[in-house]
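Visitor: Can you keep this structure in mind? I'll have questions shortly.
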Amino acid sequence: MSISLTTKLSYGFGAFGKDFAIGIVYMYLMYYYTDVVGLSVGLVGTLFLVARIWDAINDPIMGWIVNATRSRWGKFKPWILIGTLTNSLVLFLLFSAHLFEGTAQVVFVCVTYILWGMTYTIMDIPFWSLVPTITLDKREREQLVPFPRFFASLAGFVTAGITLPFVSYVGGADRGFGFQMFTLVLIAFFIASTIVTLRNVHEVYSSDNGVTAGRPHLTLKTIVGLIYKNDQLSCLLGMALAYNIASNIINGFAIYYFTYVIGDADLFPYYLSYAGAANLLTLIVFPRLVKMLSRRILWAGASVMPVLSCAGLFAMALADIHNAALIVAAGIFLNIGTALFWVLQVIMVADTVDYGEFKLNIRCESIAYSVQTMVVKGGSAFAAFFIALVLGLIGYTPNVAQSAQTLQGMQFIMIVLPVLFFMMTLVLYFRYYRLNGDMLRKIQIHLLDKYRKTPPFVEQPDSPAISVVATSDVKA
């Protein structure tokens with residue numbers, strides 16, 4: 001049975017509210033902390049680094065907790081609701097730091113930021129873990145996933161466009177109050193969209209059903225071992241890490257490249273101007289693309305398009321050409337590639353969940369998506385590390401004309417490093433990734449037959465609302 005439009009739109013609306021709420025943190029929290037609250041850049045940078053390290057530990061543990069959950073509402077929906085409500089509260093507190101001073105302010109900022117990351121993880125992991133439970137059909141997933149990816153991207157563009165005007169209009173000179181009030185708008189959308197998702201999106205092929213209900217719960221140590229035994233998940237994580245490092249290097253370093261190498265920072269907005277539209281358009285036409293082209297071709301496109309973007313920027317720098325149209329084209333190529341990557345990645349993680357059940361007879365949706373989330377955050381951290389390392393090695397000095405050697409080093413950061421990582425994703429995919437064509441069809445047929453033989457699992461009415469099975473292995 002095909003997925004209804006109501007399900008697709010409800011899942012997409014949930015992604016909109018979720019990313020509407022997170023967008024203000026990714027885009028404006030640094031500005032809020034430094035320019036509104038008055039914290040030092042060093043303190044904020046250290047806090048962000050510590051939070052990413054904690055995420056690397058926290059995300060898989062949260063995935064394990066979700067995987068061990070059994071409830072009358074399924075294994076994911078309770079955590080989506082809990083995560084939404086707690087993250088909404090913490091989001092409001094996050095932008096209330098301007099109300100404190102001195103040591104109390106620093107402590108408040110550190111505690112609320114760490115709590116924000118933890119509560120968002122509670123919601124985000126089970127939200128994306130719904131994908132492999134909605135359908136086992138390859139084509140249906142390819143029709144489903146563009147909806148949440150499109151709405152998530154749209155939320156980011158809306159956040160970028162309306163945040164500062166809202167803050168100025170409502171807060172006036174008191175920007176802290178403006179930010180605080182804007183979080184209430186975000187929270188309203190966040191909670192409303194989550195309710196729509198919970199009402200209309202259903203777990204059909206979850207590991208919390210009659211097929212797996214009688215199996216013993218897995219310890220955290222066993223779960224970590226299963227990640228390595230699922231060779232296709234390991235391969236996908238390697239590809240995702242390489243891709244995220246490359247794209248984060250470009251996103252984080254582009255302003256430096258335009259300022260010093262191309263020599264005109266005013267051209268940077270052209271690089272971004274049509275990129276968002278290209279991203280959204282790619283997500284809209286993805287269902288048609290995947291009918292016309294194989295996933296192998298689309299993955300190649302996801303990796304090659306950003307390489308062409310880098311090559312275009314490199315050629316303009318060498319020829320000393322300042323052409324807005326070429327810069328717009330470079331931004332479009334980059335965003336077409338990244339849009340393809342993000343939608344393919346979500347689908348492919350779902351495929352590795354099916355593969356794990358096919359090969360190991362164990363279905364762990366939340367574990368797969370938790371380690372995928374960890375890899376995305378790791379990619380951001382590694383990218384920042386590479387940028388800082390190379391800038392130090394090449395003798396970069398801010399706000400002055402750079403030497404020829406430094407400019408060459410900047411080209412290495414912006415062009416060579418990303419291209420190497422993008423090429424790595426291609427090599428890993430075509431050499432080691434096998435979940436395509438006949439292999440995927442074989443897995444789908446096997447699992448459909450398996451789930452048809454066992455009716456959906458239903459909790460008894462008198463069972464506990466949420467039961468998380470703990471084990472002595474949690475420290476593993």
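A Cβ is built for glycine as well, from the same backbone N, Cα and C atoms used for every other residue.
The transmembrane segment annotation in Swiss-Prot covers 8-30, 42-66, 77-97, 105-129, 144-167, 178-200, 233-255, 267-289, 297-318, 324-349, 367-394, 409-431. Among the features that Swiss-Prot reports, alpha-D-galactoside binding site is placed at K18, D19, D124, W128, R149, with the record citing experimental evidence. The feature topological domain 'Periplasmic' is assigned by Swiss-Prot to 31-41, 98-104, 168-177, 256-266, 319-323, 395-408. Feature annotation from Swiss-Prot assigns topological domain 'Cytoplasmic' to 67-76, 130-143, 201-232, 290-296, 350-366, 432-476 (among others); the stated evidence is experimental evidence.
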Visitor: Comparing the binding-site residues K18, D19, D124, W128, R149, which residue's C-beta has the most other C-beta atoms within 10 angstroms in this structure?
Guide: K18
Visitor: For the transmembrane segment (324-349), find every same-chain residue at least 6 residues outside the stretch whose CB is under 8 Å from a CB in it, and list them.
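Guide: The answer is 128, 131-132, 141-142, 145-146, 148-149, 153, 233, 236, 240, 243, 247, 250, 267, 270-276, 278-280, 282-283, 286, 295, 298-299, 301-306, 308-310, 312-313, 316, 368-369, 372, 435.
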Visitor: Within 8 Å of the Cβ centroid of the alpha-D-galactoside site residues K18, D19, D124, W128, R149, which other residues of the same chain have their Cβ?
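Guide: Filtered neighbour residues, in order: G14, A15, F127, P148, A152.
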Visitor: Which bits of the chain, at least 6 residues beyond where the topological domain 'Periplasmic' (168-177) starts or stops, bring a Cβ under 8 A of a Cβ in it?
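Guide: Answer is 32, 35-37, 95, 98-99.
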Visitor: Determine which residues of the chain contact the transmembrane segment (267-289) at the Cβ level, with the cut-off under 8 Å and only residues 6 or more beyond its ends counted.
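Guide: Distant Cβ neighbours of the transmembrane segment (267-289) are 142-143, 146, 149-150, 153-154, 157, 254-255, 258-259, 298, 322, 324, 327-328, 330-332, 334-336, 338-340, 343.
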Visitor: Can you break down the topological domain 'Periplasmic' (319-323) into helix, strand and coil residue counts using DSSP?
Guide: 1 helix, 0 strand, 4 coil
Visitor: Can you name the far-off residues of the same chain, 6+ from the ends of the transmembrane segment (42-66), with a Cβ under 8 Å from a Cβ of it?
Guide: 30, 33-34, 75-76, 79, 106, 109-110, 113-114, 117-118, 121-122, 125-126, 129, 218, 220, 223-224, 364, 366-371, 373-374, 377-378, 380-381, 468, 474
Visitor: Determine which residues of the chain contact the topological domain 'Cytoplasmic' (350-366) at the Cβ level, with the cut-off under 8 Å and only residues 6 or more beyond its ends counted.
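Guide: 62-64, 66-67, 75-76, 125-126, 129-133, 136, 138, 141, 206-207, 212, 215, 218, 223, 226, 229-230, 232-233, 236, 435, 440, 443-444, 446-447.
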Visitor: Across the topological domain 'Cytoplasmic' (130-143), what are the DSSP residue counts per state (helix, strand, coil)?
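Guide: DSSP composition of the topological domain 'Cytoplasmic' (130-143): 10 helix, 0 strand, 4 coil.
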Visitor: Reported in the order helix, strand, coil, what are the DSSP residue counts of the topological domain 'Periplasmic' (395-408)?
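Guide: Helix, strand and coil residues of the topological domain 'Periplasmic' (395-408) number 5 helix, 0 strand, 9 coil.
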Visitor: Does the transmembrane segment (233-255) make contact with the transmembrane segment (367-394) through 3 or more Cβ pairs under 8 Å, each pair 6 or more apart in sequence?
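Guide: Between the transmembrane segment (367-394) and the transmembrane segment (233-255), which are separate recorded stretches, there is contact, as judged by 3 or more close Cβ pairs.
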Visitor: Grab the pLDDT values for the topological domain 'Cytoplasmic' (432-476) and give me their mean, rounded.
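Guide: Within the topological domain 'Cytoplasmic' (432-476), the model's average pLDDT equals 63.
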Visitor: For the alpha-D-galactoside binding site, please report the maximum Cα-Cα distance among K18, D19, D124, W128, R149 in Å.
Guide: 13
Visitor: Using DSSP, what's the helix, strand and coil tally for the topological domain 'Cytoplasmic' (290-296)?
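Guide: Residue counts in helix, strand and coil order: 5 helix, 0 strand, 2 coil.
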Visitor: Would you call the transmembrane segment (8-30) and the transmembrane segment (367-394) in contact, using three or more Cβ pairs under 8 Å, pairs 6 or more apart in sequence?
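Guide: Between the transmembrane segment (367-394) and the transmembrane segment (8-30), which are separate recorded stretches, there is no contact, as judged by 3 or more close Cβ pairs.
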